[in-house]
Amino acid sequence: MLSPFDDRGETEPREECGVFGVWAPGEDVSKLTYYGLYALQHRGQEAAGIAVGDGDQIVVFKDLGLVSQVFDEQSLEALKGHIGLGHNRYTTAGGNSWENAQPMFRMAPDGTDVALGHNGNLVDHRELTQEAARLGLVDPKENPSDSLVMCALLAADTREGHGVEEAAMELFPKVKGAFCVLFTDGDALYAARDPQGVRPLSIGQLAGGGWVVASETAALDIVGARFVRDVEPGELVIVDGDGVRSRRFAETAHKGCVFEYVYLARPDSVIRGRSVNGARLQIGRKLAEEAPADGDLVIPVPESGTPAAVGYAQASRIPFGQGLMKNAYVGRTFIQPSQTIRQLGIRLKLNPLREVIEGKRLVVVDDSIVRGNTQRALIKMLREAGAKEVHVRIASPPVKWPCFYGIDFASPTELIANNVDAADPVEGIRKEIDADSLAFVSTEAMIEASQQSSDELCAACFDGVFPLGMPSDNPNSALVETMLKQQAKKASTKP
Ligand code: SF4
C-alpha cells in the first residue's frame, strides 16, 4: 500500500521495528547482521544500528537513516566479534533522535556491557520509567523510550553471580505489552518474546553451525540460515558456547498481530507456520467471492496489495495487470521536499501506466485504508490516466482503532472509518475517496486466511478489543475508551 500510516502526509509506510541477531564465532557477524537488517528494512526506516560483542566488550554503531546510509565497508570492518545484534527503527515510543536509535547500550555496575534491540511497544512504559527513574537510571524529563528503560533496568540488575540472564528472568514477567527483544552481554545472545507473541521472532541456523534470530523468516533465508523454530511467547532463548538453551518466564497466551499477515511482514516470510504470501492470496480470493466487481482489469497498489490482487484476479477470472509503477527507491531520503515536490504527493511514489489503464473498468486492490487520503489521490490519478471506472477492494476490514503494540496509526479521530456516517460507513468512505464501488474483506475471512484461531490473534485495530490493555501514558487510550463506551451504549439502545 502507499501508506496506511500517512498521518504526516507521507507516502512511506510507517511501521514498527526489525531485530536481527547472530551468534557465530568465526563468521563475519557484522556483515551478516547488515544483510539481515537489509532484509528487514521495511520494518523501520528511520534509524539503524549494530552492536557487536567479542566476549570482552560490546561496540555499538548506530545512526539515523536507512541501513545502506548508516553503514559502509569501513564501519562494518570496525565491528569485530562473534555476536552481532542489529536493529531497524521506526519511532513508536520516544522521539526520532540519535539517542533513541537502537541497539541501546548500558554498562552494569559490575562492568558488564549490555546492548538491547526491541520490536514492539510496552503498555506499562510509564510505570517502568517511574521505576527506572526511582533507581536513578533514567531522567523521565528526557522521555526515554521503552527500549532504553528496559535496557537500563536489565543492566542495573546485572551483577557478580547474577548475570543478565537472571536479570531478564526477573524483569520480563513484570513487563506488559508487545516485545521481541534481543540483547547481549557481549558473550551470549539472548532472545525474548512477550507472552502473547504479538510480533514475530524466529530462530535459524547457519550452515557453519552459528545461530540467527530475526523478526521475520525472510531475513533468515537471505543470510542462508535454515529456519529452526519460532521463539515461543513467554520464552527466553540463550545462545552461547554451550549451544541453545530455553527458559520460560511466562505462560504462552498467543495474541499474534493479524496485521502482520495483511500488510506488515514481507510476503516471503512465514509467521507461525503460515506463509504471508499464502494468507494474502487467500484474502484476495475471498474478497472476490464476498465482493465481486464488474471490471476489465484487476490492478494492485504495489507492493503489499499485490498478492491479494493476484488472488482476486484468480477467483474472479478478471485479467490481472500492473497499472501502477512503484518508484521503489524513493524511500525516506531525509531530504525535505520543496513545496512543488510535495504537491506531487502520490506521484513521487506511484506512476500510472496510461496504456494499461485507459478506457478500463479497474478493480484496484489495496491492503488497507487508514485515513483515506492516499486512496483519494490514487483514484483521482487513475481517472486522470483514463480509467473508465474505479472499483476499490480492500484486503482488510476498516481500520477503526489505533495500535498500542508497535504500529503507528493515526489517532482514532483521524481514521476515515470514524469520520463517516456510522449507519453505512462503507458507503461513506466510498464517497470520500470517490470510488465507483468499495468493499472490504470480512474480519472472518481475514482471520481464516491467517490460519490462526481467532482467539489467538490480536485484531484490535479492527475490532477494538485490546488483548494486552492500553497504555496509561498515551492520550489515545482515554479517547478509545470513551469511543468504545459510546459505541456500546448505542448498540444497547438499538431496537
Ligand atoms: S492493533 Fe492491529 S496492528 Fe496492532 S497488534 Fe493488534 S492487529 Fe496488529
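Using N, Cα and C of the backbone, Cβ positions are placed for all residues, glycine too.
Automatic prediction, not curation, is the source of TrEMBL annotations.
Annotation source TrEMBL lists domain 'Glutamine amidotransferase type-2' at 17-242.
For C17, the entry in TrEMBL reads active site, nucleophile. In the three-state DSSP reading, C17 (active site, nucleophile) counts as strand. In the shown protein chains, 26 other C-beta atoms lie within 10 A of the C-beta of C17 (active site, nucleophile).
Sequence-distant contacts (6 or more apart, same chain, Cβ under 8 Å) of C458 ([4Fe-4S] cluster binding site) comprise Q196, V198, K255, G256, C257, V258, Y405, F466, P467, L468. Under the heading [4Fe-4S] cluster binding site, TrEMBL lists C257, C403, C458, C461.
The number of other CB atoms found within 10 A of the CB of D367 (Mg(2+) binding site), across every protein chain shown, is 26. Positions annotated as Mg(2+) binding site by TrEMBL: S304, D366, D367.
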Message: Cβ under 6 Å from an atom of ligand 1: which of these binding-site residues qualify? The list is C257, S304, C458.
response: C257, C458
Query: Closest to C403 ([4Fe-4S] cluster binding site): which of the recorded positions C17, S304, D366, D367, going by Cα position?
result: C17
Query: Inside 8 A of the center formed by the CB atoms of C257, C403, C458, C461, which other residues of the chain have their CB, for the recorded [4Fe-4S] cluster site?
result: V198, V258, F259, Y405, I407, A459, A460
Task: Tally every other Cβ atom lying within 10 Å of the Cβ atom of C257 ([4Fe-4S] cluster binding site).
output: 28
Message: Tell me which of the binding-site residues C403, C461 sits in the most Cβ-dense spot, judged by other Cβ atoms within 10 Å.
response: C461
